[in-house]
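Taking it in order: structure first as structure tokens, then the write-up.
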């Protein structure tokens, strides 16, 4: 067998390995959170769009929820507006909220729609305000004063969290053969517009859709143990123990909280994986070895 023939055979074997997954999940929904950091790399954005179009081509219905923190920060800097963060969340006054909506819904969303179109797919860009997709309420956070131990309410401005997801607009888009691309903006019953953490938004949508998978693409290879090894499978109970003993800390905590909420509210499973790895999502789902950390509900 020639080298060329061996290469072609290897490609065929990859497809055969993936066949059971294609069959099992045809017609199911994958919700994918794509971070704003990755969008700054055209090659990575192109590969991500190709992965999404491939999922659609094999009968899976992807729904993309994107972030945009770096792009919002860059625009605020250009406009001379200073950014303030509390616990990793941007304090969002009225002016900042308007800039965030402009960047998320008007720039990033349409850029991602364009990448998918270039890869041969048909995408429809929306925000959580369109079709009353996501109703939000003001996010309330508290902090404890280290000296007095008195809890204080943090006012984050127009930062929200989802209270209700109406999937009608997503169902309509999917039925029409489209790939929904969602900006993390929601409308409050109070008439205000709220900026929502993209992980949280993706988790709420995955739960409402009863998605087969929620993928959170991050800048780490998954959930790591104290020795730096990858934890490939976790349940909510195991996650709680790892948080208590300090194995899970920092920015990974809210991501896993999102995963736990999603799998306990209707999503079949969630995956935290390294979005910097080319085609990481396909490696996780369509190969036996997988990639990243899979979270399933407790039995």
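Cβ atoms are placed via backbone N, Cα and C, with glycine included.
The following features are taken from Swiss-Prot:
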{"type": "SITE", "residues": "33", "note": "site 'Transition state stabilizer'"}
{"type": "BINDING", "residues": "68, 69, 90, 195", "note": "substrate binding site"}
{"type": "SITE", "residues": "255", "note": "site 'Transition state stabilizer'"}
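This view paints the features noted in Swiss-Prot onto the structure.
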| residue | record | DSSP class |
| --- | --- | --- |
| 33 | site 'Transition state stabilizer' | strand |
| 68 | substrate binding site | coil |
| 90 | substrate binding site | strand |
| 195 | substrate binding site | strand |
| 255 | site 'Transition state stabilizer' | helix |
Cβ contacts within 10 Å for residue 69 (substrate binding site), all chains included, total 21
With the cut-off set at 10 Å between Cβ atoms, which of these recorded positions ends up with the most neighbours? Options: 33, 90, 255. 33
Checking the spread of the substrate site as listed (68, 69, 90, 195): what is the longest Cα-Cα distance, in whole Å? 12
Between residue 69 (substrate binding site) and residue 33 (site 'Transition state stabilizer'), how far is it from one CA atom to the other, in Å? 13
Rounded inter-Cα distance in Å - residue 33 (site 'Transition state stabilizer'), residue 195 (substrate binding site): 15
